[in-house]
Every structure is written in structure tokens, then in C-alpha cells.
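Per TrEMBL, the features are as follows:
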type: BINDING; residues: F10, S11, G12, G13, Q14, D15, S16, T17, T18, C19, L20; note: ATP binding site
type: BINDING; residues: C187, C196, C199, C202; note: Zn(2+) binding site
Amino acid sequence: MREEKAVVVFSGGQDSTTCLLWALEQFKEVATVTFDYGQRHHEEIECAREIAQELGVSFHVLDMKLINQLSANALTREDIEVKAGKDGELPSTFVPGRNHLFLSFAAVYAQAIGARHIITGVCETDFSGYPDCRDSFVKSLNVTLNLAMDAQFVIHTPLMWLNKEETWKLADELNALDFVREKTLTCYHGIRGNGCGECPACELRKQGLNAYLDKKEGGKAK
Ligand code: ZN
């Protein structure tokens, strides 16, 4: 385990919770930062707070509601329907530049608390067309942040090349499959655990979990 401090960009969802558990295995001291951007479901922030508390890590909420002054999207506006992007269109949940802004703010926070490592659950494999979730973007931002702040940040993306099935496998390897299944919130309708089972986020989560469990059970039978 490294004697260094790390900050996890944390939303209380499956991905960032798995990242938090990963970070707790890697780093001696772990802090979380959660962004309040006026999510439709404030439940998300409550969920993140409870998980952080249960895992005994510090929890810091940053007010990022100003992001809504810039553009409209389904995560923050009740009147916009949540739907997947078709024919190369971005999904209605897309907030342009969101990860870029969040990671940049996380870096400023990290420097303020003396942390060099930043962990984010972004993922290129299942990415829904969000350009600032791509590996090339994260690497580029890492260089930019180091130049901007004369720092030696290391941005870790443990999920970058994993699909949802492999993310469940990672949670299992961290001995936290049930923890992630029960405590996290991924559903666009604000329902914890298995969620509503129908929105695009639940659909992705369920498919991945079923694929992983099928393989695991199959493995046991052999
Ligand atoms: Zn759902």
C-alpha cells in the first residue's frame, strides 16, 4: 500500500464506489469529493455520503450547480426525458464538458488537501459517447493539470478498459460484490440497488451483473 493520499471522484454509483474500494486497497489515506450539480435525485448525494461514512473516508461536496447555467440536460431537468443516444447522437443525459470540469475541480481540491493521486471511474468501453470519458482526454488533462498547477498529479482510471461485467468482477475481487449491489445508486430514477430495472443505466448495470454472475456460477459448476 502506498503511503500517499488519494482523492476519489465519487458519486455513490457502482463505478465510483468500486473505484473507492480499489483506492482503499492502494492508498493509505483516501478522501472523496462529490459534485452537487443539481442532480434530479438529490438521493444520489445522500447515498454517496452514507457509503463514505460506512467506509470511514472523508466526504466533501462541491457545489457545481453553475454547470446548469451553461446547458440543459436530462440529469438535472425534470422536463427532459432520459433517453439513449441513437445514430451517433449523444444521450439526453450528456452534460458537455462535465468530466473535464469535475476532474479539474477535483485536482484543485486534491492539491488543497495534499493529495497527489486522483481516481475517477470514467470508462471508455461502455462510454455513451462522452468525449471527456476517453483515455486520451484523461491523459491529456493530466498533463495540463500538472502544467497548470505545477504539480505531479497522477490520475488513475481503474475502470477505463473494463466493461460492466468486468467492473462487477473487480468489485467481487475487492470482496465487495454485495456491498456494491446493495448500497450504490446508478438508476436515473433515484432508486438504490437494483434500481427501476428499466432506464438505460439500470439496463447496463443489470446486463453486466447477469453476465458476470452467469460466468461465476458456470465456473463453480465445472
Ligand atoms: Zn433505473
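Every residue gets a Cβ built from N, Cα and C, even glycine.
Unlike curated entries, TrEMBL annotations are predicted automatically.
Quick caveat, the model's predicted, so the values are computed rather than measured.
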Task = Can you figure out which of C196, C199, C202 (the binding-site residues) comes closest in space to Q14 (ATP binding site), comparing Cα atoms?
result = C202
Ask   = In the same chain, which residues outside the set C187, C196, C199, C202 have their CB within 8 A of the centroid of the CB atoms that define the Zn(2+) site?
value = T186, Y188, H189, I191, G195, G197, E198, P200, A201, E203
Request  = Write out, in the order they occur in the sequence, the residues of the chain not among F10, S11, G12, G13, Q14, D15, S16, T17, T18, C19, L20 that have a C-beta within 8 Å of the mean position of the C-beta atoms of the recorded ATP site.
outcome  = V8, A48, I51, G121, T184
Distance [Cα-Cα, Å, rounded] between C187 (Zn(2+) binding site) and G12 (ATP binding site) = 11
Inquiry  = Could you check which of the binding-site residues C196, C199, C202 is the closest Cα neighbour of S16 (ATP binding site)?
reply    = C202
Note = Ranked by how many other Cβ atoms lie within 10 Å of their Cβ, the binding-site residues S16, T18 are led by T18
